[in-house]
Amino acid sequence: MVTMYYDKDADLSFLQGKTVAVVGYGSQGHAQAQNLRESGVKVIIGLRPGKSWKQAEEDGFEVVNVDEAAQRADVIQILLPDERQAQVYQDSIAPYLRAGQVLLFSHGFNIHFGQIVPPADVDVAMVAPKSPGHLVRRVYTEGGGVPGLVAVHQDATGNAKNIALAYAKGIGCTRAGVIETSFREETETDLFGEQAVLCGGVSELVKAGFETLVNAGYEPEIAYFECLHELKLIVDLMYEGGLSRMRYSISDTAEYGDYMSGPRVVTDATKAEMAKILKEIQQGQFAKNWIIENQANRPVFNAIRQSERNHPIEEVGARLREMMSWIKK
Ligand SMILES: NC(=O)C1=CN([C@@H]2O[C@H](COP(=O)(O)OP(=O)(O)OC[C@H]3O[C@@H](n4cnc5c(N)ncnc54)[C@H](OP(=O)(O)O)[C@@H]3O)[C@@H](O)[C@H]2O)C=CC1
Ligand SMILES: CC(=O)[C@](C)(O)C(=O)O
């Protein structure tokens, strides 16, 4: 059983009078920085010149280069792409680290796989929202919070967990609840989840269903509604109350089909492949492949990204969003 931490368990005073540098202003960076600011925390943004720098300034933040951010901050939250963190850390953060500073991450990849090895006299912790960045911000503005994970890798100050919980409160996660984990557990489960279930698994399932219907002669728009659009509504119910809430709301016909056909789609072979994917993550195979892919300038990643963008489901979806304007642009 895990311990859940809420607002009452976190004390923002651990961040009062401190400067937090959010390094990176993308999906997580913009959300966490804006939420922290609204929680009364002093935030500066560490970036390179470019579109994020411009956006962060437009959003009212003081933006400095990463070197300056590392020198000025008491807490440095590294929200760069995982594949770029090690180089930026080496070049622009490590040279300025001083005893008692706090390094934070929102994913454990670089610490767990040894790409970043901080000095022993700094705190190293994680505050990982279990949510895409844009919802970290949206839910916070609605008065809520997304759940998160905290972990401590190094506790040089004796306050690493308190600071992590204060940070989690600052970005709204303790409004929902925060679980303490380890860098290993967060890294391995997050990589597995995004590969085998959330992103990779669901995308392949959606495309396979769409292609099955379209190849059988059904209208692409009907296939899109059935296999992608309605997925959000089904998952919303799961989010609110688990599988039973979803099954409570769908028809008994759908629930019977769920039981009869689901196991024919996700077979024992699928489950065996999931176990293999997890093993490759645990043994560092995925991490090695991803690091090498980036060193080679992403030939495989870019080719697949392009072909995925050309998949018919994208065009149908874009057309429907124009026709129905049923979701925010
Ligand atoms: N996306 C998500 O929802 C989640 C992400 N995470 C974790 O959060 C971290 C950040 O991911 P995410 O927010 O998705 O990243 P994004 O790709 O959305 O944003 C990256 C940011 O880093 C900046 N950047 C890139 N390279 C450099 C550089 N060399 N020097 C300075 N700034 C640079 C980019 O600015 P520029 O405009 O210059 O490119 C951009 O602002 C990762 O560890 C990720 O695993 C965790 C949970 C969920
Ligand atoms: C949203 C999230 O946590 C992911 C899918 O793991 C990620 O974007 O890294």
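Sequential numbering from 1, following the chain as shown.
From the backbone N, Cα and C atoms, a Cβ is placed for every residue, glycine too.
Over in TrEMBL, the protein carries these features:
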type     : residues                                         : note
DOMAIN   : 2-181                                            : domain 'KARI N-terminal Rossmann'
BINDING  : Tyr25, Gly26, Ser27, Gln28, Arg48, Ser52, Gly133 : NADP(+) binding site
ACT_SITE : His107                                           : active site
DOMAIN   : 182-327                                          : domain 'KARI C-terminal knotted'
BINDING  : Asp190, Glu194                                   : Mg(2+) 1 binding site
BINDING  : Asp190, Glu226, Glu230                           : Mg(2+) 2 binding site
BINDING  : Ser251                                           : substrate binding site
Once near-sequence residues are set aside, which residues in the chain of Gln28 (NADP(+) binding site), 6 or more away, have Cβ atoms under 8 Å from its Cβ?
Leu79, Ser106, Pro129, Gly133, Val136
Given a 10 Å Cβ-Cβ cut-off, pick out the one of the recorded positions Arg48, His107 that has the most other Cβ atoms nearby.
His107
Just to be sure I understand the contacts, which binding-site residues have a Cβ under 6 angstroms from any atom of ligand 1? Candidates are Asp190, Glu194, Glu230, Ser251.
none
Round to the nearest Å and give the CA-to-CA distance linking Glu194 (Mg(2+) 1 binding site) with the residue listed as 'active site'.
12
Integer average pLDDT (0 to 100) for the domain 'KARI C-terminal knotted' (182-327):
95
Taking His107 (active site) as the reference, which of Ser27, Asp190, Glu230, Ser251 (the binding-site residues) have a CA within 10 A of its CA?
Asp190
How far is it from Arg48 (NADP(+) binding site) to Glu226 (Mg(2+) 2 binding site), counting Cα to Cα, in Å?
43
Which has the fewest other Cβ atoms within 10 Å: Ser27, Ser52, Ser251, the binding-site residues listed?
Ser251
Can you tell me how far the Cα of Tyr25 (NADP(+) binding site) sits from the Cα of Glu226 (Mg(2+) 2 binding site), in Å?
35
Whole-number Å value of the largest CA-CA distance among Tyr25, Gly26, Ser27, Gln28, Arg48, Ser52, Gly133, listed as NADP(+)-binding:
20
For a quick check of understanding: among the binding-site residues Gly26, Gly133, Glu226, Glu230, which residue's Cβ has the most other Cβ atoms within 10 Å?
Gly133
State the Cα to Cα distance, in Å, between Gly26 (NADP(+) binding site) and Glu230 (Mg(2+) 2 binding site), rounded to an integer.
28
